[in-house]
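Annotated features, as they stand in TrEMBL:
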- 16-26: compositional bias 'Polar residues' (COMPBIAS)
- 45-437: domain 'Major facilitator superfamily (MFS) profile' (DOMAIN)
- 1-26: region 'Disordered' (REGION)
- 46-64: transmembrane segment (TRANSMEM)
- 84-104: transmembrane segment (TRANSMEM)
- 111-132: transmembrane segment (TRANSMEM)
- 138-161: transmembrane segment (TRANSMEM)
- 173-193: transmembrane segment (TRANSMEM)
- 205-227: transmembrane segment (TRANSMEM)
- 248-275: transmembrane segment (TRANSMEM)
- 287-303: transmembrane segment (TRANSMEM)
- 315-335: transmembrane segment (TRANSMEM)
- 341-360: transmembrane segment (TRANSMEM)
- 381-401: transmembrane segment (TRANSMEM)
Amino acid sequence: MSTEKPFAGDEKSLDGVNTTTPDPTIAQETSRAPAAVIIPDGGLQAWLSVLGGFCVLTATFGYSNSFGVYQDYYALSGASSSSNVSWIGSLQLFLMFFVGLPAGKLFDQGYFHHSLAVGSVLYVFSMFMLSLAHPHKYYQLMLAQGVGMGLGSGLMLVPSMSVQAHHWRRRRSLAMGIVMTEGSGVGGLIYPIMLNRLLHGRVGFAWGVRATAFLTLGLLIIANCVMTTRLPSAKQRPPGPKADVKSILADGPFLLLLAGAFLVLWGMFYVYFYLQLWVNLHDLSETLGFYTIAILNAASIFGRTIPNMIADRVGAFNVFAPVCLIAGALVFAMFGVTSVGAVIVFSILYGFFSGAAIALMPPTVASVANSVHEIGLRLGLAYFTVSFAMLTGTPIVGALYDLHDAWFRPIVFSGVRHSHCHFYRSSPAYSCSNRLS
């Protein structure tokens, strides 16, 4: 247990009598200091918050990982060009991360449950609106799936990840990895299979989307009921100093980390959006095309657990940088993915390492925070920054493909982007990347 040194105005003589007059300024500042947050590193509330985070990530990130099904369905149905269709999924991902900045600030100010509830209602409402949209009306798809679902998921993502730091210290990377793994990985496994079976079967587009909406509704109800924060609510919290955005933006290691994460995620989702289309256009196997996204996300379950367990021992970034490099190398391997067996092997390997890169981002950002009180804001700033990579990455890839219907340019663009995060590891600022232990 840490001990605090007494202020100058609190010193006492040997006989117990005050020898100095208390400084009112110091006393006022002391009363405004935020109370220490006791992190139990386990317990019922901690595991229930992990369960709630799992439900949120299943419904949001897991669902967005299944956009490859929509990409294939919209493009082949003639809704728009491949590049234009990818803007729907990119906008959804962009808003999911972009809204992380205000959501993270609301979380740090004690509005955790408010943000989670509003995001849940907006997200589910937008899913039902998507079921009413015409699959050939591009603007309807963009409004419901791109804007509505993106905003709703953005209000839930950062709070659901940040609250894990209130319950875990030594095993923080593992806890966040479980949330990302069992959430986005399992969601990315279930939703693509559901959508492919329902959209291309007798059920059709409208009721196929509604079926996933009802499943999402149940998951978010559970999340709102079981997740808790260890900080007092906004009404119960005494006035105190707030996280300084200017000082965070002047933090060199944090800025370098943001730059590396931006470049990595700029090309990360190319495979998730286009692998099913790749398989179908190469006439490899129509059945396999339905399951490629599910295989990617199933493999990511292990990729988002095992590396995070290692990260708790050797440091988050010591694992984050290598897996990004390996994921980038695997993208170039797509030039040799010309058979059913090659597609399966590639899907497993890329799902594992790309999943690890995504899951390691939150604990890596948390490792450069100075205190638990600013984790929400730092994670929100990080997600805000990489949201622009989410917005532009896959449309750029789509435009590169539409240029000559060739895969060479998008593969090179995506593969090169993955490698840049490794530059941060060789910088002098890397030595500061384990402040919050």
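FYI, residue positions are counted from 1 along the chain as it appears here.
Cβ atoms are placed via backbone N, Cα and C, with glycine included.
Stretch with the largest number of CB pairs closer than 8 A to the transmembrane segment (381-401), among 46-64, 173-193, 248-275, 287-303: 248-275. With a threshold of 8 Å between CB atoms, the same-chain residues lying at least 6 positions outside the transmembrane segment (111-132) that come near it are 56, 59-60, 103, 141, 143-145, 147-149, 151-156, 159-160, 163, 205-207, 209-210, 212-213, 216-217, 220-221, 223-224, 227, 229, 231, 233-234. Among 46-64, 173-193, 248-275, 287-303, 315-335, 46-64 has the largest number of CB pairs under 8 A with the transmembrane segment (205-227). Two recorded stretches are said to be in contact when at least 3 C-beta pairs lie under 8 angstroms, sequence spacing 6 or more; the transmembrane segment (341-360) and the transmembrane segment (287-303) meet this definition.
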